[in-house]
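According to TrEMBL, the feature domain 'NADP transhydrogenase beta-like' maps to B:11-463. The transmembrane segment feature in TrEMBL is assigned to B:6-24, B:36-54, B:60-77, B:89-107, B:119-143, B:164-185, B:191-210, B:243-263.
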Amino acid sequence: MDGITLLTFFVLAVVIGFEVVSQVSTTLHTPLMSGANAIHGVILVGAIVVTGRTTNVFTLILGLLAVILATVNMVGGFVVTDRMLEMFKGRAPKTAPAKKREDS
Amino acid sequence: MNLLSPAATALIYLVAAICFIIALKGLSAPGTARRGNLIGAAGAVVAVLVAFFSANLSNVPWIVLAIAVGTLVAVPTARRVAMTAMPQLVALFNGVGGGAAALVAGLELTDSAHGSGAIAAIAAAAGAFTVLVGTVSFSGSVVTYAKLQELMTTRPVTFPGGQYVFGASLVAAVALAVSAVVVGANGGSNGLLLGVLALVSLAVGILFVLPVGGADVPIVISLLNAFTGLTVAASGYVLSNTLLLVAGTLVGASGTILTRLMAAAMGRSITSILFGAFKPSTMVAAGSGGDRPVRSGSPEDVAILLGYARKVIIVPGYGLAVAQAQHTIRELADLLEARDIEVLYGIHPVAGRMPGHMNVLLAEANVPYEVLKEMDEVNPEFKTADVALVVGANDVVNPAAKTTPGAPIYGMPIMEVDDAQQVVFLKRSMRPGFAGIENELLYEPKTMLLFGDAKESLSKVVASVKSL
């Protein structure tokens, strides 16, 4: 991958990353952080590739360790986020723009 | 298993990246949050499957076994964790992710050739960055876990010259990283250097988080989360994997914004959180004499106060969640409403241990969302409230945040319960809150304290209100 393509990817991803979370209410800070945490568990892809290419036993062992850690990050992250969010089910519309909530 | 062409792989990775963007977007709004998370999970699963079919991999049975082990560890842990313990679990998941990224980049650099010259130098730099920051994220997250789980003190841990030790270890880590880059750029083997770098970085991570005070720990989790995102992006560069690059950058960017939003919700700046404890504290326990008189009441006293009020505002805190008293507080609120008393809940943005945590905890107890008021909305209400009932909260109602410059929480927006006619605290003891500072409000004449476990105390108050 050449440097300019890479820089393009990087900058676009930074802009999107800033943009998508800039309007979030405090109610959702915790689930959002947890969800973002799960997303970087995709390092599992890298762990699989590195481990799948090696012929060296030492690398294999450390690579498998990386696979286990990355799986815990990814799977655990999505599951715990889902658990948090399932509690918001059904009441969700009320929370919408936090400051404009109506009395009831 | 070489079934997919590089172009097909790249296209599917693009789909996965879009899934992650939709996931983050969805997670920013309550109505779409759960679906967003599931879309993110779907994207991750697709990406992992594609990884198996995109290259001719060996050791596949071992890899599948390792994924099975990871899943078997993660799912029950995530399913069973008490909602109160969730922030530290997220910290731990983040830490292992950082550790995995450090391992991936380190192994990739030592195991395969990356050419020479500028390309090798950039790859070596990205790899060294990943090893350094990934390991810092790992050890730092373990320390935040220990703090939140109260395996160690939640106070800032400082020692004489602490900032110099931290600085020295950071300089050593950077120097090691630079030498690893130089060696790598010249096509040499830098495995040993990266190993030493990882060890030094472990120390950097620990020293980085130790001086952070209890109440600020959640913000550090968010910051380390952004760090891990950046390491994943850098390892994506080392591996020439666009998905890792994009996903990691997304998390790094959104995590940075989120950290700033969280810090703003607590009225703190990120530098003062990270380095505040290094500076000599100007205010230490002004008037924190242990023997000053407080007015403690019986459950009956509290019941009378509440039962004959016109307007009551409940301010729940972490202690309420720990005691699992959400259902009891709801029972009390229902009883009061039956007596034509107006009952509101005031939720501080950082009630609980993390922004939004209390909303999750009360939602778990089926407290209707409509009666939960955010701080800005409820603060003007205290002036007309007869009783503010503070259950298991302390720091978020501490007037020191407004009146005492130099207090660790100075500047944090608080629930202005001191504006209410009477304040009732349900507390386990006089022990200060998570931030470790004295609350002057406890000694005010208009304050009444009811000591004990929040759930037991509330049950007694409920019984007394019934017999009024």
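Using N, Cα and C of the backbone, Cβ positions are placed for all residues, glycine too.
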Other parts of the chain folded back onto the transmembrane segment (B:243-263), taken as Cβ under 8 Å at six or more residues beyond its ends: 13, 16-17, 20-21, 24, 47, 218-219, 222-223, 225-237, 269-270, 273, 350, 354-355
Interface-richest range of B:36-54, B:60-77, B:119-143, B:191-210 toward the transmembrane segment (B:89-107), CB pairs under 8 Å: B:119-143
PLDDT averaged over every residue in the domain 'NADP transhydrogenase beta-like' (B:11-463): 84
